[in-house]
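Listed in Swiss-Prot:
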- THR15, GLY16, GLY17, ASN127, ARG163, SER191, ILE244, ALA263, LEU264, THR265, VAL266, SER267, GLU268, GLN288: UDP-N-acetyl-alpha-D-glucosamine binding site (BINDING)
Amino acid sequence: MSGKTKRLMVMAGGTGGHVFPGLAVAHHLMAQGWQVRWLGTADRMEASLVPQHGIEIDFIKISGLRGKGLMAQLTAPIRIYRAVRQAQKIMRDYQPDVVLGMGGYVSGPGGLAAWLCGVPVVLHEQNGIAGLTNRWLARIAKKVLQAFPGAFPNADVVGNPVRTDVLALPLPAVRLSGREGPIRVLVIGGSQGARILNQTLPLVAASLGEQITLWHQVGKGALPEVSQAYQQAGQAGHQVVEFIDDMAAAYAWADVVVCRSGALTVSEVAAAGLPAIFVPFQHKDRQQYWNALPLEKAGAAKIIEQPQFTATSVSSLLAGWDRATLLSMAERARSVAIPDATERVAAEVVAASKSA
């Protein structure tokens, strides 16, 4: 890259669904010679995770309003104003060429500060239903991108950036052809686990017996209780762990996955080429349902809403899927994936920097 080194500021915080896609784009652009800095909050996961990736991070003080009391609502304008002023100072000191908003509370004040400083804002919405912050920022953004169709009416669909080790997995036809033995069921409730999965899957294991074998991530603190549930069901032989560090290896092992349908999980399942049973988290805007719907429409997954997620319903589904069916579903999942999402988002950042 000739001339002045281009500078990007990534705004993302709160959850892995915002932070990990931001890191993927950051690393891609750093490899192209860009300088990258991060805007986050000091009390969320980005505070420790981002520096581990060799990226400096600045903090502003901001938190969400949903579920907060009246006093928090009344003082919100003051807190937002202060956060915007903090972000403006950071922008002036760093002087980024582009700001990339990947979601989380930090994106609101950060995006407004960038706009006030004349810095182009590129937004990426990871979910099938746009969050409040991104809906507001879309009015001032130079470019709006979405992972799934429908979050914004006219935004480009670019997918969600996912980890390179997941993208590097062999295609389903290579990975799954010739497999024999019990169906391998990977159960993921996210790093915090999901109680409904932990309660139900031991009963599914008991129902299907030797037809399946499970690798079950139960989440922090749930291992003793869930292990005991498997033992009481006479199913102590399954692999039950608190957390899976190498998700790519878990995807490579699995024939089918049972999980929530957070945006990043859905995108990773598609990129890996895996059939899925999705259990959307019951949020008022049904965000996770809309994330999972494209894969169900493609014939790659089934959505079971939480009230209907029982040992009987799950056992019936799994028992009806033979290996040929699972391979077909896996190939359909892969066909709707957008494996070059990282490159697509990065290209829009580069384009915004040139037209600034």
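Cβ atoms here come from the backbone N, Cα and C positions, even for glycine.
Keep in mind that this is a model prediction, so the values were computed, not measured.
Projection of Swiss-Prot feature records onto the structure.
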residue : record                                        : Cβ within 10 Å
THR15   : UDP-N-acetyl-alpha-D-glucosamine binding site : 19
GLY17   : UDP-N-acetyl-alpha-D-glucosamine binding site : 22
ARG163  : UDP-N-acetyl-alpha-D-glucosamine binding site : 17
ILE244  : UDP-N-acetyl-alpha-D-glucosamine binding site : 18
LEU264  : UDP-N-acetyl-alpha-D-glucosamine binding site : 23
VAL266  : UDP-N-acetyl-alpha-D-glucosamine binding site : 31
GLU268  : UDP-N-acetyl-alpha-D-glucosamine binding site : 24
